[in-house]
Amino acid sequence: MELLRTITYQPAASTKMCEQALGKGCGADSKKKRPPQPPEESQPPQSQAQVPPAAPHHHHHHSHSGPEISRIIVDPTTGKRYCRGKVLGKGGFAKCYEMTDLTNNKVYAAKIIPHSRVAKPHQREKIDKEIELHRILHHKHVVQFYHYFEDKENIYILLEYCSRRSMAHILKARKVLTEPEVRYYLRQIVSGLKYLHEQEILHRDLKLGNFFINEAMELKVGDFGLAARLEPLEHRRRTICGTPNYLSPEVLNKQGHGCESDIWALGCVMYTMLLGRPPFETTNLKETYRCIREARYTMPSSLLAPAKHLIASMLSKNPEDRPSLDDIIRHDFFLQGFTPDRLSSSCCHTVPDFHLSSPAKNFFKKAAAALFGGKKDKARYIDTHNRVSKEDEDIYKLRHDLKKTSITQQPSKHRTDEELQPPTTTVARSGTPAVENKQQIGDAIRMIVRGTLGSCSSSSECLEDSTMGSVADTVARVLRGCLENMPEADCIPKEQLSTSFQWVTKWVDYSNKYGFGYQLSDHTVGVLFNNGAHMSLLPDKKTVHYYAELGQCSVFPATDAPEQFISQVTVLKYFSHYMEENLMDGGDLPSVTDIRRPRLYLLQWLKSDKALMMLFNDGTFQVNFYHDHTKIIICSQNEEYLLTYINEDRISTTFRLTTLLMSGCSSELKNRMEYALNMLLQRCN
């Protein structure tokens, strides 16, 4: 039962033991005999740093446990004293103990290796190599190396203490994990592993027992006993090392260990988390190796399609067919599913409850009503152990089909023209919405109406508003007419207009808490709140426009807002300050204010896995593409439609749509126009 419990460090108890030990004098050993230990093979992996098996070694006495290690340990080089606590795990060469620095009560996981166990040169060389590799690593998701020292009896390696032990312990208690948990842990493993590979270090022993969990439920990749430098293919070592169930075909065939071999092990880890057993586990090792060489394993029907596809890609027999770490994190398994920002410690032994808090639940309740309202849905989206209402089922369905978009941000303070803060919960549509035309343009797009002006109490109010619908339909009709009739061309037309209009230069998705914020080119800041209300702070920073519904505008001073709007004005100012301080403009278009034009405010915004779409009250339509920061803006001026394209270098070009209709454009622009139209057409599906 001890293995099933979440182990939490209790400083008071350890300190008391240390005081008792100090009372007996430094170096005093406990004479109390230990109870017999079970065979090592019967224990799950526990150590913070597994050690390769040692060659047989014989003592005159204490042949199994070795000489007793002192309770108080002194570092000869610094004079620091440490108190040795309980055993955390054991490997071939060493045992891992809880160890407390008596000067500051900091707790470490100490790997203690008797000199007698590494007496042969090649054994000592392995320990030195592990220390050399591990001590240079510094990453949030890699077990931190702190210090090492030696005395006459032992070598001591002080590592980051992970109070909640390893993923092996969690899976032993839980049997299987839910998909959201697997995404949560895998993201962190991929992050740590990507760092290792960037340092040209192969782990070579990825498995549940080598992923350690700290007090905050953060995962750390540990155990560098088998780690090695990445070598060119022709110079790779042909040795077979690692844990049998996780070995890749190329390692078994002595073709060398590369980054792809770590990816294979990651596939085994994902499979084990979801199903509770490794993919190639059989009754004997010979059969296991045969299955691995043939990449032969069963894929239960209980797994959802994205999980099956990702596992299958990582367990490709040919190393070259396996995905990169970047490919893994961009896979539909991550993009289409809910990933919690954090996990409760209760997840170590209990299935988590991912029910939403009230504010977020209300937002999803509205979205679920809009998308699923009035439909009899007999499908089950919740595991049988969860008793939920139909409302919760719909909400879960939205969450389950979630898409989170990741944007690579520049390291500087002023990162990009747009920042995406993936909310704790995001919603997306899976499936393939139909477009009412024989020649559907582009592929179906997975997305969700993330923000719409006005109340969202029903689908008709939320998605079918006649004014909003007519704005969208007009833009879609014009864009579609251009795309379907313009000729093929290899380049962008030479005509370039010099004109001014308003467009979104910066945006922030903070819908996990408040709503969606944006800044226009005239420096107006707007927020479309989660409750459907819209608020704008004008460029003078003194005047606020508030829209509860389309066309219903209230105007008041920012410093003297009506009581019911004070909190929203505070949020509006927060968005304004954040974008001013942290984001830079997304293009080179001039910033001109035309007081004759109506005030722009956001009607609707949507996000897919590739782009953000924004539709405004005057028909201005903007689509920002995440991967290269290109943008398309369509607006009308003097009864004529204009299209502006901002390229990867933030250089803008503006055309009349009639010019594109006559001359055509490059495939680079056309593809983006098609995708933008598809988003617009599917906005209500």
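Glycine residues also receive a Cβ, built from the backbone N, Cα and C atoms like all the rest.
As annotated by Swiss-Prot, active site, proton acceptor applies to Asp205, with the evidence given as sequence analysis.
Marked as ATP binding site by Swiss-Prot: Leu88, Gly89, Lys90, Gly91, Gly92, Phe93, Ala94, Lys95, Cys96, Lys111.
Per Swiss-Prot, compositional bias 'Low complexity' is recorded for 43-52.
The domain 'POLO box 2' feature in Swiss-Prot is assigned to 601-685. Across the domain 'POLO box 2' (601-685), the DSSP tally of helix, strand and coil residues reads 22 helix, 37 strand, 26 coil.
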> Distance between Leu88 (ATP binding site) and Asp205 (active site, proton acceptor) at the Cα atoms, whole Å?
Replying inline: 19
>> Can you tell me the CA-to-CA distance separating Lys90 (ATP binding site) and Asp205 (active site, proton acceptor), as a whole number of Å?
In response: 16
> CB neighbours of Cys96 (ATP binding site) within 10 A?
Replying inline: 24
> So what's the average pLDDT for the domain 'POLO box 2' (601-685)?
Replying inline: 88
> Can you tell which of the binding-site residues Gly92, Ala94, Cys96 lies nearest to Asp205 (active site, proton acceptor) in space, using Cα positions?
Replying inline: Gly92
> How many angstrom lie between the most widely spaced Cα atoms of the ATP binders Leu88, Gly89, Lys90, Gly91, Gly92, Phe93, Ala94, Lys95, Cys96, Lys111?
Replying inline: 14
